[in-house]
Structure formats: structure tokens, C-alpha cells
Amino acid sequence: MAFGDLLDQVGSTGRFQVLHVTLLSIPVLMMASHNLLQNFVAAVPPHYCRAHTNLSEFQLSPEETLLITVPLDHSGKLERCRRYIAPQWHLLAKNETSTSGEQRDTEDGLGVDLQGCTEGWVYNMTEMKSTIISDWNLVCDMRSLKQMGQTIYMGGVLVGAPIFGSLSDRYGRRILLLISYLLMAVAGTCATFSTSFPLFCLFRFGCGMALSGQALNTFSLILEWVPTRVRTVVGTMTGYCYTVGQLLLAFIAYFIRDWRWLTLVVSLPYYVFFLYSWWFHESSRWLALSNKPDQAIKNLKSVAKYNRQLSLYMSCSQGSYSVLDLFRTPKMRTMTACLSAVWFSTSFAYYGLAMDLQKFGVDIYLIQVIFAAVDIPAKIVGNVTLSYMGRRPSQCGSLIVAGVTVLINLLVPRDQQILRTCLAVTGKGCLAASFNCCYLFSGELYPTIIRGLTGDRYKSVIKQS
């Protein structure tokens, strides 16, 4: 008897599946929070050079101190990374007859010598209470470290994918999911109390690894306990949990403006997920194919009890598998190469759009909500096309539309912020629909015993540049 037929006998869409999928989907809400956390904890506040130390001896207002210390750039804004070598006292006298902006424009034209911010920076923290940028001065010559932090996190995703993927195929989905929850909880908590930027990056690397393990094993456990006929609907519903998680992140970040508290709040729920995940049943598909029929039958009997059905005896195959099985036959090689390209292109564009919201010049809380909300209609359309047109047309169409919008965006002038944002939102929605199709396609094309080797490995190749 095929496993799908056996699952129907014990109940393939009963109370167990509802509870199982629900408990697995709840942590997906917090996946988005960790995946997009960089947008808020590493937001760059307005800043300028700290005034010369000797100015503290004089009774100057903040406006007067800025006037004689910090020049304006070509756009008429305060220079972020340079100040006058010496205070320009004569500007105070000119202030009586002309505006400060005109004075400083004139002084810049005269070629007044400037220097870097040798005494540090002053940050305008009206929008944020603190960020890793303001705490560790990751600005000016150090501004590239902001992107390095995100790159290290994505490096953790990259390393975690093959490690957790291969281990889940060897030791099971459940135990690796437990480890992923615990790793995310501990690494996120440690990142909260980091005393230096290198330590923060180290713990964020651990969070990236945990996210790979969570995504891969959540997907496998859901897919392997539901019948093929409902996978599209279940996959879309799980995808909506990630969408709601993006909205939840914007809500939490709006009220928690301190990066340490924000990181802690999105990490603490993983301790709860770790505790209740001990209830999860290991995949009987995997157990059967891993020559563990007794445990597979025990799990099926438990499912039958939940669903008030009868369970049946099953036979199982035995064998060992590795990543080489993804390339062993011509058909598998072709399929792996094609899926790799699809995962890479989808992830590259998606994270390029979603992980640096400040570049759009719009309030980051508002753009986070917009980027999350667009997933709702996009996934509805994606679900309809998956059901009525199939996987390949849906995957192809979503990638083509996303690619066209992103390419058009390159031709739009930077001062057209509304048009650029609209194009980016459209592209991001199409890429979200593409992700849904990627997960379903990969899970259905690959057999259970090597599914963990494929999961979301290709998504993890991306770093935000």
C-alpha cells in the first residue's frame, strides 16, 4: 500500500493535521521578524560630527554650535562625516545680516578646510531610541559594517541549509526542528546582550543557521503529514503566516524603538516553541524510508487515535542517501540545476528588495507594512494559478513579472520615489508568490528521503549588497 493511501486510512485531513499544521505555522510568524530584523536594529539615524571639545567653555546655543562646526553638503543638508577643522567664529557675526545656510554655502565656496569626525558623532534619535549604528558608530568610514552584519547573518543561513538539511534526512525532522528553535532562542537572546559588534555578528550568524533549520524542517513536517490534494492550500496558508509575521514585525518595531529590546522580544517566543514542539510527531514517511517501521507504525496509530480512525501495518524500504543523489541520474541533475536557478533568482531579488528599506526614502514602518500587505493579494493570485494552471506556469509567470518590474525600476530616476516604490512593491509581491511555488515544487519533485537536502538551500545563497 502506498503511504498516501495509508495516510488516508488513518485520517489525512483530520484533527491531528489541523493541530499539527497550526503549531508548526505559529513559529513562522517570528521567522519574518528575525529575517527582516536588520531593517530596524540597523536603521541609520541622522547624524553629524560632534562639536570641538573647547566649545563647551562658551555659552552657545545648539544652533550656533552647528553653525560654526558643521558645514552643509551640496544638497543643503548637514555634512554627516566632516566638520570644520577649527570653529568658524566669523559666521556668528554674519548671522546678524544673512541666513546661516547662505553663510555656510559661501564658506564652502571659499574652500574652508574640513576634517573627519575625530571626536565622534551626534545622533538624532527622535525616531529610534537606539540602534546598533548609534551604539557602535557604524557610520562614515565604518558604514560598510552595517552590510557586513547582514551578510554574516545570511552566511549563517547558507551554512545552516546543508547542515540541517543533511542531518534532518539522517536523524529526522523533529529533533532538528527542536534544535533550531533552541538555537534561535539562545542566539537571539545572546545577540540582545552583545557588548561589541563582532559578538553581535557571531550570534546573528547562529540565528541565520537556526532560521535555515526551522524553515526546512517546518516545511518537511507539514508536507509529509498532509495529502497531495491539499498541499497547495496548506502551503499558501503557511506562507500567509510569514506575511502576517512581517506586519507583526512592523507593529512591534513601531512601539519598541530600542534595538536590544526589539531583538529580545522577537527571540523569547522561541523558548515557548521549543517547549511545545516536543509534542510533534516525527514524519512517518521518513521513518518508513529510514527502516524504522515500528516507530512509523506507532506514530500512525497515534494519528489514528487523534483522528478516530484505524491504522494499518506498513512495509518500508531501506537505503542510505546523500547529496550526491541529487545529481545521480540525468533527470535528477536537470531538475536540481533548474530548481537551483529558480531558488537563486527568487531569493536574490526578494532579499535585495526587502532587507534595506531605508533606500526607498519612505518611513520604514510604513514601507514594512506595505511590503507585507502586498503579499496577501499576491499569494491569493498565486494560489489560484497553482490550482488551475499548475506549478510551471505559475512559477514562470511570477518570476517574469517580478523581473520586468525590477529592471524597469533601474531606469526610473531616484527622485521619483513613489513610482520606484510602487514598482518595488509589485516585484516583491510577485517574488512572494514565487516563493510559495518554490516550496511546493521542490517538495513534490523530490522524494521524501532526500527532501531535506534540497529544502531552502538556494535561498540562503543571497547576501544583501
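Note: Cβ is positioned from N, Cα and C throughout, glycine not excepted.
From a predicted model like this one, the values you see are computed outputs, not experimental measurements.
Annotation comment: TrEMBL describes 104-465 as domain 'Major facilitator superfamily (MFS) profile'.
Sequence annotations record features per position, and here TrEMBL assigns transmembrane segment to 151-168 (among others).
The transmembrane segment annotation in TrEMBL covers 175-197 (among others).
Per TrEMBL, the feature transmembrane segment maps to 203-226 (among others).
What TrEMBL records for 233-255 (among others) is transmembrane segment.
Summarising the annotation, TrEMBL assigns transmembrane segment to 261-280 (among others). Remote same-chain residues near the transmembrane segment (261-280) are listed as 20, 23-24, 26-27, 30, 33-34, 37, 40-41, 174, 177-178, 181-182, 184-185, 187-189, 191-192, 221, 249, 252-253 (criterion: CB distance under 8 Å, separation of at least six residues from the stretch ends).
As annotated by TrEMBL, transmembrane segment applies to 334-353 (among others).
Outside the transmembrane segment (365-384) by six or more residues, the chain places 32, 36, 39, 232-233, 236, 239-240, 242-244, 246-247, 249-250, 253-254, 353-354, 357, 394, 398, 421, 425-426, 428-430, 432-434, 436-437 with a CB less than 8 A from a CB of the stretch. TrEMBL lists 365-384 (among others) with the feature transmembrane segment.
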Model confidence for the domain 'Major facilitator superfamily (MFS) profile' (104-465), as mean pLDDT, reads 81
